[in-house]
Amino acid sequence: MQCAGFCVKEIVKKINTLLLFTFIVASSYAVTVAPSSLSLNASRLHASIRSSPVMLSCPEGCTQLGNCNHEMGNCECPWPRRGPTCEEDPLSLCYDDPTNHTVPSCGIRAPKNCECYKQCQNLHCQDSNGDVYNCEHELGRKIGEARCFLYRNRPVDQQGSAIPKKGKEVVDWYRIPAQGWYVWKSGKPRWWWDWLPFKQRWALRGSYEEFVIPLEDCPLNCTSRGVCIQEITQIKCICRKGFKGLACELDDNEEACWFSPTCNGHGKCKSGFCHCDPGWWGLGCTRSSAYALESGSKAVPSRLRLRIYMYDIPSEHTFPGEYDDGVYTRDNMYAAYEYFIKYFLQDWDVRTENPHEANMFFVPALVYFYAGNLGNPLPHLRKVVKYISTTYPFWNRTGGRDHFWWMTGDQGACWMPEDLMRNPIKLVHFGLTGSNLTWRDPPRDLHLDKEYGCILPERDIVTPPVVHNKFPNTGKSIDLFKTILENRGSDARLRKLLLFFAGAFQMTDMMYSGGARQALNTTFQNHSPSDVLMMQGTTHRYDDLFLDSKFCVAPYGFGWGLRLSIAVTHACIPVIIQDHVHQPFEDILPYQQFSVRLRVKDVPSIVSILRSYSDEQLAVMRYELWNHWAAFLWPREAGGLAYNYTIKALRKRMYNYAAEYYRL
């Protein structure tokens, strides 16, 4: 009878998981199935809020270069332009071809006109109070590493960044002074030591074998969309963001407008900016409606369903531009927010164009574009928050408690100052928490919150990073788990290794990984069982070793790590050794059913602990991995449901905030 009961449970469970598998493989991956009953809720919601459609007009001539935002009645301009009709160009001296203003650049890899770099610093460092550390963009902070030239006997407005011919002494060359906020005198850098040595002139930064040459020396003048480079054996174009090809003659919309390469079918991608058809605006041309509260009405958002309003932030405050000359791709493992934005733009079951019915607000700050992984995110965030709090009423209504943004850097929100830490919801990959923690020395002017560390679990959300591009087999998880499903928890692999880890140990830095990696190295450095593999550094066999192992260690490093997601998507039971660290979607997923959680002090006993699991128990745990692996993967085409879980987590935060579940 026990067997019969067990079999019945297994059959029911198998039917349920088969249905889920069918959904993942065959569906169009709709984010939320909107029940018909919700239409009644939505109609009641509109009726109670009493808001009316509105379409404000913009200054005449706006749509020649920009989009009319009919909600605000102003012009959305392509970066870096601004003004009522996008007529102002703050980087007018930063074009590769001054006669063809396609895309300007503040890049420091290729030299530019010194007056261009003055414009760049004015653009990126306008609120820095004379301290380059407080520039909002990495390029503003790194201008001190640039080289520049000035054309002789030309007024400032006739200077430009067209590369002069080598050997013709029509320019003077300088290095930008690196002593903080540099001072210009008579249009030139300050001191005689700012003159640039001859061997560095025309050279790409960091190279003495690649030199910039005039555009006319390259095929089709690089179509005025790039920099012409002389290498030892060839001449080539380095294209600006949004273009590709030997002469930069082709559009690269997939990279430039990653959020919507087709601009939602209602516009054209122009180097990261969607120039929309009349009547459309916003990121990816996804807005076409606007609303205003009726006179005497007050917005009281319903809690019946999650409704998120995304701010339309002008490009002068946030724009996914190039990072440097010819450098505009990102390390994809930090790109979870890109997947979120791409899916959210089309998710009208959750997204709303009516901010008065919204119960949560998405602030699409682009922290990684502006600060990279380890840069200072605060200048960019402060600028964005200043804009939304002075332009809209919603931030000030709650102090930002119903607002959220992404921070995917290694240490996430760990060093946020109190005014930005306390209220907003942060979506991060690193969930370090706990009171009075001694961790890493913080960057200057920032501090680790002594009450709860880097996140408050009831408020903030830990999400998985992107792993599929680094480990190809993660894109084959559907096939792997189909086999596990068919074999009731076994994937038909021998999995000869009991335990596997490969990576750095950093024995001299005990703060690294919270001591977990060091404990592993100490435990196994003198004696390692034949079925335990501990490797210092990386290996090209990562995928195979994860597939050959029963258990895989998932520590952190200087911040969040990839190994939990890799282990899950390879059906290797993760051994999580991360004291005080919350894992992705930990308040949603039943980690105890598909992982092993150890403290650092348990590491000396790790082998005996893992050997205590029977094959039958491992099969059950691997079966549970099947139920939840999709939460750790972002691309829908690979079966990923990380976006869906993120929306579910946001829905919980909506209720947590309303119920005062956490103390500010």
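Backbone N, Cα and C atoms are what each Cβ position is placed from, and that goes for glycine too.
TrEMBL does not curate its annotations; it predicts them automatically.
Taken straight from TrEMBL:
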| type | residues | note |
| --- | --- | --- |
| DOMAIN | 214-249 | domain 'EGF-like' |
| DISULFID | CYS218-CYS228 | disulfide bond |
| DISULFID | CYS239-CYS248 | disulfide bond |
Nearest-integer angstrom distance between the alpha carbons (Cα) of CYS228 (disulfide bond) and CYS239 (disulfide bond) | 9
Secondary structure content, the domain 'EGF-like' (214-249) (per DSSP, counts of residues) = 9 helix, 12 strand, 15 coil
Most crowded position, judged by CB atoms within 10 A, among CYS218, CYS228, CYS248 as disulfide-bonded residues = CYS248
Integer Cα-Cα distance in angstrom, CYS248 (disulfide bond) to CYS218 (disulfide bond) | 11
Alpha-carbon distance [CYS239 (disulfide bond); CYS218 (disulfide bond)] in Å | 12
Whole-number mean of pLDDT values that fall within the domain 'EGF-like' (214-249) | 95
